[in-house]
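Student: Attaching a single structure in structure tokens format; questions to follow.
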Amino acid sequence: MANHSSKYQIKKSNMLVMLGLLLIILSGSRILWMEMFHDQKHEPIKNGQFDLRNWNAEDGEIVLLDGEWEFYPSQRLMDGRQLQGFGESKPRLIGVPGRWNEALHAGKSTPYGFGSYRLRVYVNPEKDLNYSIRVPSVRTASELYVNGRLLTKSGQVATIKDEYISKDLPYSTTFTADDNGVIELVIQAANYVDSRSGGIVRSIKFGSEEAIAKEMKFSIFMQFLAAIIFIMHAVYALILYLLGNKEKKLLYFSLLALCVTITSVFSTDEKLFHQLFYIGSNWDFRLTNFALVIAAYALLQCTNHRELPYWRRMYPVYKIMSLGTASITLFLNPTQVIMLFPIYYVLGGTAAVITLITMFKKVIKDLKSNLLLLFSFLALMNHSLWSLILLDSGLSLVYYPFDMIIAMACLASVWFKDYLIMHANTKELATTLQRMNDHKDQFLANTSHEFKNPLHSILNMSQSVLKRERHLLQERSIKELETVLSVGRRMTLILNDLIDVMSLREGNPRIQQRVLFIQPIVTGVLDMLQLNAEVKSLQIVNHIPEDFPPVHADENRVTQIIFNLLHNAVKYTNDGVISIRAYVEEGQACIVIADTGIGMDENMLKRLFRPYEQASTRETMIEGGFGLGLSISKQLVELQGGTLAVSSVAGEGSEFKFSLKLADLVAEEENDRTSALEPLPLRSVPIQENVWENGEKADIPPVVKPTILLDVHRDRPHLLIVDDDPINLQVLETILPPEDYEVTMVTSGKEALAVLGTKEWDLIISDIMMPQMSGYELTRIIRERYTLAELPILLLTARSQPQDIQSGFLAGANDYVTKPVEAIEIKSRIEALTTIKQVIREQLQLEAAWLQAQIQPHFLFNALNSVIALKEINLDKMGNLLHELSNFLRNKFKFENPNGLVPIEEELSLVRSYLYIEKIRFEEKLQINWEIDDYAELEIPFLTIQPLVENAIRHGVMNRPRGGKIVIRVSVYDTHAEITIEDDGIGMDKDQLQRILERRADSSSGVGLINTDQRLKRHFGTGLDIQSTIDNGTKVTFRVRNRSNSADTINPLS
């Protein structure tokens, strides 16, 4: 720790020494420049008289007319070219350069008004010389008279504001002395816009014509040179930004250089821009201050100021203030702009301090690497300080550009250095990436070679078993072996792609061209892709005519090309038509594969044939593959003398076209052609929509229903598997045998939602990446009706990144399995999730049994008391009561099917017995209204209506002294029925209702409502709908399927 502190102190001392040296160098250069171009010093002017008779103007020296001038406030001594009498008003003496605010009006300080300056200069009358005077700034309009003659002016001097025109530009003029060697100078000035001060605020220079012109030209040249250098910096930084890596610091450096250029040509002594294009004093003032504010902001952005923790929180405020103040400045008049000067100082000072601190931290870490950056900042600060000093003192010197040139050059050097380092790093990185890419290709090629032998062994053994044992195998086993062979052939082509990457890169691919026919190749490829196309609403149409001429090509390569193009079409087409046709054009065979898939945009078309390029899975929701097929296909076509082109429109489909050389028919035997033209039958995948073929509509049969394995064991878990890939479905079907699981397989999320309400499912297994509706979206839709415990969902994903897993859990999944699926893993997870569902089912069964067995003691006592009372009053009525009580007890204690469905008549019989007993007890206080439709074969869970009716009596109508009415309504529709229990009792408030809806078992809801709700959801997907308000009663409704009409069309999510 001590050693680190010592090093820090050394670095700090070194930096302070370096700062001192740099400041000495910069300030020394400025002072040396001032000494080189200093003006000759004479006795200061007194009483408006300046004696230069002993001054030798021929030496080229220039003197400053600083001192006491005569000042005539609120007077114009000159009227046109005529001299008015000087004796009319006694003049005041005023210091030049300086403010006239105190001298303009007695006892009042104001910058606004007009007045006249007068000075007599005495020169040697024996020397006949041309003299010149240089006036850099008189705020904010002035006229120069020499010996009574108006020689030049800037703006329009007037006694009232309406006639006055503001224009504060430097000017110079040439003249001679009179015969007595006297030069009488009169400067009339006016100011009505600048609230700071008026009058002569900068030193006026006097000398020979040659000396003044020489100095002025040199100053203009230096200012022009600096402006050109600044613009060059701005332009090249902008070019580097546009053509380079979009480093924003380059953009801000360009902006900084541009702002420095604007302030240089607008506000320095020569005001170079206005000599060429005068835009008015107001815009001059606005743009100058606007550029200063933006320059301070851009300077700050050129540093890593956000690394300062305390500044990071304040920076947004600074940014808003800077940009806001700069924008407002463009719309204000000069007086209002001057009022913003304190804000300008705060913004500029803040930028300077933060920049200094940031650079200080960088220099401490690495003094050598950041020396130029420090030098540039010091040069900027040195220029700003000297500018303020000269502005405050009023001195007028030859323009000194080197501070800003040094600052810009150092900053440019920093950017060039960073750019060169970045370029070198990029070059080194590109070399490394190229080497790694070569290693990757070599690894893939080697791996592919290693895979080919075992893959061929699998294919050969599978083919042998299928051929030898076909007559002994079941149909399912034959289908699985054929699937293995189809997948194996596809994998062989993929491995060939990987091997071809290396051979094509090395320039030695194996091409064995011969005469061959396209038709059998296309038919064979379509047969390989049949399993992929079966799951989609696709029709694959082969339009290649039987008499299409042969081509001269490599059969294996052509097969590879057609497979890659057709596989790509099937992969990115969800429904519609994929067609392949061929025609002859200019002596070549042209094969066209068109689809109605998702298409491609311009960006994808540009990079389509690059290796490892694929459409984003976020856009297509399709995963898998290496992205090599199209790249290899293009190279293989070109190696055989053809071309491969593509045209596509996003959302409408794509069309791939490749050409091959036609074969020489003379060299072929006719029988070869005949045998080759034997086409294999093409099995198209049906779609629901009509497809145009040859200009006519074709009738397509509807989509096949989901595959459901036969129910051979009733106690197996019911699994719904959703995957758009038939291979995955085949694998899962193999892993999950029918003796252990009842499996239903569908190929899309929409099909899954369609069958969701047809039975009670124990588990949903869904792939994530599916077209049209992803597994995430399917999970979210299911979770709108089923909780995690009511219907578990297991997601299959090819990616196991944390963000993918988190997305699945956020959507509502219970668990996930990474593909490729391992049999042990997925069975273990299925068992765990279905066990949860089984536990919940058993708990509901126990609750239902308990509810069934539960009879409140006071209910039984009341019923028996009623029997005893009726014995003395009405024996018939007593007999009826005993009969209904017996029926009620018999139904309550029937445990044959406590958790299944029973005819609604059994439930209504139990309800009638219960209500008869309660009616005997409560008599007229209990009114019952039955509204029952013809319910035919309607079935509901046992003990569903009775608990609801009992709840309505106990907690609803009987809590009123006068009693109330209960309505039992069964409304039957085509596909479903609605059962409603409605009372006009005391009702419930929002809190009680919310507790019931949230399934909080308390005294007001009870286990009966909760159990009934859950059992309804388990059977039908929807539970109880409870509506209630205080003093207006309660209405409970639930829906069940109408099995007599449509048992498979009720969707609980509709």
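In case you wondered, yes, glycine gets a Cβ from its N, Cα and C as well.
Automatic, uncurated: that is what TrEMBL annotation is.
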Student: For the annotation transmembrane segment in TrEMBL, which listed range does it cover: 8-29, 338-359?
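Tutor: When 8-29, 338-359 are checked in TrEMBL, transmembrane segment belongs to 338-359.
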Student: Cβ pairs under 8 Å only, please: of the recorded stretches 220-243, 250-267, 315-332, 338-359, which one is richest in them relative to the transmembrane segment (287-303)?
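Tutor: Answer is 250-267, with the largest number of Cβ pairs below 8 Å.
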Student: For the domain 'Response regulatory' (718-834), what are the DSSP-based totals of helix, strand and coil residues?
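Tutor: Final tally across the stretch: 51 helix, 24 strand, 42 coil.
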Student: Summarise the domain 'Histidine kinase' (945-1044) as counts of helix, strand and coil residues per DSSP.
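Tutor: Result for the domain 'Histidine kinase' (945-1044), in helix, strand, coil order: 37 helix, 31 strand, 32 coil.
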Student: Residues sitting near the transmembrane segment (250-267): Cβ under 8 Å, six or more positions beyond its termini, same chain?
Tutor: 223, 226-227, 230-231, 233-235, 237-238, 240-241, 244, 273-274, 284, 287-288, 291-292, 294-295, 298-299, 301-302, 401, 404, 408, 411-412, 415
Student: With Cβ-Cβ distance below 8 Å and at least 6 positions apart along the chain, what are the contacts of ASP767 (4-aspartylphosphate)? List them in sequence order.
Tutor: VAL722, ASP723, ASP724, ASP725, ASN728, GLY775, LEU795, LEU796, THR797
